[in-house]
Amino acid sequence: MKIVEVKHPLVKHKLGLMREHDISTKRFRELASEVGSLLTYEATSDLATEKVTIEGWNGPVQVEQIKGKKITVVPILRAGLGMMEGVLEHVPSARISVVGIYRNEETLEPVPYFQKLVSNIDERMALVVDPMLATGGSMIATIDLLKNAGCNSIKVLVLVAAPEGIAALEKAHPDVELYTASIDQGLNEHGYIIPGLGDAGDKIFGTK
């Protein structure tokens with residue numbers, strides 16, 4: 001599995017701000033979108049282009065445009081919504097597929113409860129976004145769902161990843177690509193990433 005920890009100074013700086021324990025909902029939400037945007041820039045750096053001729057201001061001109069599969073952005077509800085706008089800054093015409101999965105706090109197992117995928121998803125590349133890759137259960141379940149629908153071109157974008165989640169994802173889906181702003185120390189006894197960001201969903205939506 002291709003694993004990319006984005007080490008750009010802006011990514012590290014913004015992620016560091018997100019780790020503040022008393023960060024406001026507004027600021028956390030803004031930074032989640034900004035880091036999501038920077039991860040998208042990295043994840044799409046290998047998209048193929050083709051030369052086409054357009055009518056420029058002074059006559060025909062040859063330019064490069066993206067070719068190949070169109071993109072669907074797949075936020076995992078609910079926290080993934082916090083990164084979605086940042087992703088769409090770079091691919092504003094992308095279609096949006098939504099997957100709802102929550103983690104049982106006792107068993108730590110993923111529980112699917114909603115899905116709405118775009119049509120012809122088998123012809124698209126999926127950018128799956130979720131702030132945290134902890135145990136990997138929710139991400140694996142989401143990718144299972146996408147592959148069952150025919151989508152086989154998948155890139156995962158997360159703010160923070162635990163080594164345990166990376167290992168689980170690689171074992172289940174070695175063909176996907178992972179882009180993260182940080183590979184953190186690991187999980188605590190409750191399945192939370194250390195040092196992590198806390199509960200990203202609560203911080204994005206202001207529910208705690």
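Using N, Cα and C of the backbone, Cβ positions are placed for all residues, glycine too.
Predicted, not measured: the structure shown is a model, and the values here were computed from it.
In the three-state DSSP scheme, Asp130 (5-phospho-alpha-D-ribose 1-diphosphate binding site) falls into the coil class. In sequence order, Pro75, Ile76, Ala79, Gly80, Met83, Ser138, Met139, Thr142, Val156, Leu157, Val158 are the residues of the chain that are 6 or more apart from Asp130 (5-phospho-alpha-D-ribose 1-diphosphate binding site) and have a CB within less than 8 Å of its CB. Residues annotated as 5-phospho-alpha-D-ribose 1-diphosphate binding site in Swiss-Prot, with sequence analysis given as evidence: Arg78, Arg103, Asp130, Pro131, Met132, Leu133, Ala134, Thr135, Gly136, Gly137, Ser138, Asp199.
Secondary structure from DSSP puts Ala200 (uracil binding site) in a helix. Per Swiss-Prot, uracil binding site is recorded for Ile193, Gly198, Asp199, Ala200, and the stated evidence type is sequence analysis.
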Winner by Cβ contact number (other Cβ atoms within 10 Å) across the binding-site residues Ser138, Ala200: Ser138
Whole-number Å value for how far Arg78 (5-phospho-alpha-D-ribose 1-diphosphate binding site) lies from Asp199 (uracil binding site) (Cα to Cα): 11
Gly198 (uracil binding site) and Arg78 (5-phospho-alpha-D-ribose 1-diphosphate binding site), distance between Cα atoms, whole Å: 15
Other residues, Cβ within 8 Å of Ile193, Gly198, Asp199, Ala200 Cβ centroid (uracil site): Pro131, Met132, Val160, Tyr192, Gly196, Leu197, Gly201, Asp202, Lys203
Densest Cβ neighbourhood among Arg78, Gly136, Ile193, Gly198, Asp199 (binding-site residues), 10 Å radius: Ile193
Met132 (5-phospho-alpha-D-ribose 1-diphosphate binding site) and Ala200 (uracil binding site), Cα-Cα, nearest whole angstrom: 8
